[in-house]
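Asks: Okay, so Swiss-Prot annotates it like this:
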COMPBIAS  22-42  compositional bias 'Basic and acidic residues'
COMPBIAS  70-80  compositional bias 'Basic and acidic residues'
REPEAT    101-123  repeat 'LRR 1'
REPEAT    124-145  repeat 'LRR 2'
REPEAT    146-167  repeat 'LRR 3'
REPEAT    168-189  repeat 'LRR 4'
REPEAT    190-211  repeat 'LRR 5'
REPEAT    215-236  repeat 'LRR 6'
DOMAIN    249-288  domain 'LRRCT'
COMPBIAS  326-336  compositional bias 'Basic and acidic residues'
MOD_RES   Ser349  phosphoserine
MOD_RES   Thr462  phosphothreonine
MOD_RES   Ser465  phosphoserine
MOD_RES   Ser488  phosphoserine
Amino acid sequence: MHPEVSEPPVDSVAEPSLEESAGDHGDAGPGIRKEEISETKETCAGPCTTSCPSQQQPSGDNGSEGFCTHSRDDREDRGPRMTKQFLQKLCKQHKLYVTPALNDTLYLHFKGFDRIENLEEYTGLRCLWLECNGIQRIENLQAQSELRCLFLQVNLLHKIENLEPLQKLDALNLSNNYIKTIENLSCLPVLNTLQMAHNRLETVADIEHLRECLRLCVLDLSHNALSDPEILSVLESMPCLRVLNLMGNPVTKHIPNYRRTVTVRLKHLTYLDDRPVFPKDRACAEAWARGGYAAEKEERRQWESREHKKITDSLEALAMIKRRAEERKKARDRGETPLPDSEGSIPTSPEAEEKQPMGEIQKKMELFVEESFEAKDELFPETPGGEKELHVVVVNGAVENPDLSGSLAHNQTPVVVTPEESTSPVAATDGARTEDIEAVAVEIKERLFIDDLPDLEDAEGTDVSVEDQIKETDIPRIQAISSLSDDSDPELDELSLSTSEATPTGATGALSHIFAISKGPSTAATVPFTDICKPIATTDLESQGQDCGAAASRPLIQELNDEPAEEAANQPLPPQTCASDPALAHPSEDGDSDSQLPAATLLGDGAEDEAESSVHPKEPSTRVGLEDIEFGLD
């Protein structure tokens, strides 16, 4: 049928004559006429192709014989060959290993090969693609002992052979060939998939060999010429068959109720032709085999009712979860705590009570929902009105401010009443809230309770009667009220009284001036932090007054404006007289301040001016008229 296969010895013998003919043409030179070339072609075109071996002439005229042999070699070598150089070049092209044994996949499809050869070095192949070629035989695969997948579809194969070395072959594709009989496959112990679509299979005998393929699971026999319904007996004897494709065969029309029959007879089949075999389809097919179409209809109705019940139960479970969530939300809005067992009172459908596994699943779902809501309530507690949070804010404001003013109390020797003063702005800013009235009432009680503490300390520091203390504390009250207004006479009167009394009681008067600010009305302190700054400035002034003596008072600073610049320049300025000269601490009351002017007090003018400017911001306006007031008093 194929005479070319038996002619390679003749080709090897004719190679010298081919070289001679080439030499003859080489000697002929370029002067050969086109007519001669056409004549030689005509002589080799017809019967020369078939009768050239028998027409050997001993006369030495080898021209026509050489051309006939060359044309035959061209015809045989017309297609590409699977050479080692070609395979190595192909591996480089596909970025595979240059070392043949390291490659596990070789892509040789769509190359036009007519035979399998030169694969001895590729011992590590696991997948070999040879589809869409002109291969006529399965051969030269002895070195591929590790091969798992062999793809030989769309070739010119007529027989299944030479597969014994492939002991690990798992998938074999022989579709679109000219195979008429399935054979020589029992030597493949682990063959799982066999594709024989578009071949020449016709009878039961053609597929009888499949009984010996015990591990075959996927079988594709589509688009063959199988017409005998007895093929089901062969397929039924295959224990591991799961997927079967018989589409395109006449047998599908010859078997009555084809799909039901095949499903019933092949017990383990899960996929038939173009769609799966579902458990419902198998149950209906078995019911049809028992009682016909009526039994099949009843079985189908039962399956549909069970499926509908599953869907209904799922929807009811979702609705129950939603309903419980709404009930919990309503209970939280009402301020109630929902009981964890309250959900159990929700009635369930009688169908759900009949089936115990479904009831257990519902119980698990209910328990999960309850635990989820309890965890949410613990992590994110909700207050119904928010009054507790408001109360905490007010209390925190009252607690933090005493810590702020505690630094001021640490620097001062007397007991400080400023915590109540520092809390009063907080209460004023939070007046729009509901708990402000109670907070203000508590602060007022605290003020009334601590009101007498500065007087008691003054009484311990100086042996003065209670009436004198009342007088001393009353005068700074007038001063605190008038200092916030414009230039007022009570302030000037207090200044004159302080100049006339250079005794330690003046210091106590200054201390009482500190605490007298808190006894005034809360409306007088327009700026929130002025009452904190005043005691600090007054304390600095007192420390300077104690170091420099009682003589460093306001009238001395006022008399500096009356002294001429010449006398101030002539007098020396010893810094030691501030603490040594006792006469300077008691200025005369007759107004003769020029003769008793202390020069040492000039050193403390800057510090005292800064302290007075911080305590009394409007005092410079009063100093303008102090000179006239002094002369008026004289």
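Glycine too: its Cβ is placed from the backbone N, Cα and C atoms.
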Asks: In the repeat 'LRR 1' (101-123), how many residues does DSSP call helix, how many strand, and how many coil?
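Replies: Helix/strand/coil tally for the repeat 'LRR 1' (101-123): 2 helix, 3 strand, 18 coil.
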Asks: Report the DSSP secondary-structure composition of the repeat 'LRR 3' (146-167) as helix, strand and coil residue counts.
Replies: 0 helix, 3 strand, 19 coil
Asks: Over the domain 'LRRCT' (249-288), what is the model's mean pLDDT?
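Replies: The predicted confidence over the domain 'LRRCT' (249-288), as a mean pLDDT, is 94.
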Asks: Give the residue counts of the repeat 'LRR 4' (168-189) per reduced DSSP state, in the order helix, strand, coil.
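Replies: The composition, in the requested order, is 0 helix, 3 strand, 19 coil.
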Asks: Please spell out the DSSP helix, strand and coil residue counts for the compositional bias 'Basic and acidic residues' (326-336).
Replies: 8 helix, 0 strand, 3 coil
Asks: Please list the DSSP helix, strand and coil residue counts for the repeat 'LRR 6' (215-236).
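Replies: The composition, in the requested order, is 6 helix, 3 strand, 13 coil.
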